[in-house]
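Noted in TrEMBL for the protein shown:
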- 6-30: transmembrane segment (TRANSMEM)
- 65-83: transmembrane segment (TRANSMEM)
- 104-126: transmembrane segment (TRANSMEM)
- 164-182: transmembrane segment (TRANSMEM)
- 188-205: transmembrane segment (TRANSMEM)
- 236-258: transmembrane segment (TRANSMEM)
- 270-292: transmembrane segment (TRANSMEM)
- 312-330: transmembrane segment (TRANSMEM)
- 337-354: transmembrane segment (TRANSMEM)
- 360-383: transmembrane segment (TRANSMEM)
- 395-415: transmembrane segment (TRANSMEM)
- 421-441: transmembrane segment (TRANSMEM)
Amino acid sequence: MTLHPAIAIALIPLSVMLLVVVMGIVRIAARRYGWSAEIQRKAVHVATGLYAMSLPWILPEPWMVYSLLVLAVIVMGVLRIPALAKGGIGSALHGVERSSWGDVMLVAAVGTLYFFSGNGSVAVLYLLPLAVLTLSDAAAAVAGSGYGRLVYTIEDGQKSIEGSLVFFMVTWILAMIALLLLSDVPRVSVVMLSVMIAAFGTVIEADSWRGFDNYFVPVGVLFLVAVHMDSGPVDLILLALGFLAVLCLLNVYGGALLGLSKHTARAYTAALFLIGAVTTLPNMILPASALLTQTYARRQYPGDARHPDLDMLAMLAVVSFGWLICGVALGHVAISFYGTTCGAMVALLGPLALAERPFWQRVSLTALLVLLLGVIVSGVIAINPADTRWHGNTVAIVVVSLVVPALAGLLRPGFFHHNRYAKAGVVSVFVPLVAYLYLLFTQESL
């Protein structure tokens, strides 16, 4: 389908204007019928999600979709201005008391789904995740607010077991319908894969914080479906049992051994499960090590973060999705550089855990840590499939990638007291990213 350029360009601002109009209508309805801030936010959420589901067919050119998403982020930034966020039209999104980035996360999720679904051409990879985010989340909110009696605590408040059960059931039904109608998943596997999607989505939604479920739920569903569309029922059952086993272990022993809350334990389980769903077991060693090192470092040398474990998880998620998107977009698998980045996180967090010890102990133990990490990172890279090692020998890259963050943590621990995980992410990814881009463009120029 080819649109006249003028029509194509006009559709982009018109789409954003439609969002603003919807928010205005919600505000008017809220004043008339006494809707709470949460109901207003969910109403805008549902309207936005339903419209997003139609984007590949309303805006047939990729540049149009991405331009719309960029413009939407700009508008959402404007709506965060205090005068608009609390008393104006932006209060339909930001009237709730808790801090949330759900609006931005939704836009990021739509862009990620659109990209990995082949610009919407693989309909099940685009529509199912958005349907779960839009419809299951709304149903859970209605059930929880109206009928929720059994509550549990999360980082920024409480949620109800009744709401989570409704989320699970609606997601299970949506997944079965989508897989039956929009995919070639073996019929015998549809029910089990749908259960996995519902269970994973429910855990993520239940343990979300600051609106990050608007990204992690749909993108997690996308990768689960993409990776396991051809899996047999036995494989799916084993995957489900593994997920359940890790979830139980971290819930029971995570607090005593690692100092994790039950909320954080469930979030860590979901993260490791998702990493395992899109890669192999050896490639889980380094991200899991980064999470474990963080739990030790924040006890030995705490920063000022209110929720350090969740902040670490958010940073790891950004790095993980970033490397995955980078590899697919640029056409060169980035798994080696992802593992190196996770190793660099350990190399940085390790010295922070030693910050209160004598300097000579810190130097010697950091050197041993870097040496051990070098062996592990190089070993993981070596056992990955040959087509992932297009970059050739990476020993020098691994050494520099580990030494730089290790020195930063060793010599400047105080620098990481504030915004530790954002800074750690930037420092850890810097050398691997520069090396990846250099090797990529060097090879393409040959």
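Positions of Cβ are set from backbone N, Cα and C atoms, glycine also.
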Top partner of the transmembrane segment (337-354) among 6-30, 270-292, 312-330, 395-415, 421-441 - counted as Cβ pairs under 8 Å: 395-415
Intrachain residues whose Cβ lies under 8 Å of the transmembrane segment (188-205), provided they are six or more past its termini: 128, 132, 136-137, 140, 164, 167-169, 171-172, 175-176, 179-180, 213, 216-217, 220-221, 224-225, 228-229, 231-233, 236-237, 239-240, 243, 247, 266-267, 269-270, 273-274
Intrachain neighbours beyond the transmembrane segment (360-383), with Cβ under 8 angstroms and 6 or more residues off its ends: 282-283, 285-286, 289, 336, 339-340, 343, 346-347, 350-351, 354, 389, 394-395, 398-399, 402-403, 406, 409-410
Surrounding residues of the transmembrane segment (312-330) on its own chain - C-beta under 8 Å, 6+ positions past either end: 112, 115-116, 212, 216, 219, 264, 267-268, 271, 275, 278, 287, 290-291, 294, 298, 337-338, 341-342, 345, 421-422, 424-425, 428-429, 436, 440
Other parts of the chain folded back onto the transmembrane segment (270-292), taken as Cβ under 8 Å at six or more residues beyond its ends: 200, 203-204, 207, 216, 220, 223-224, 227-228, 239, 242-243, 246, 258, 312-313, 316-317, 320, 324, 335, 338-339, 342-343, 345-346, 349, 376-377, 380, 383-384
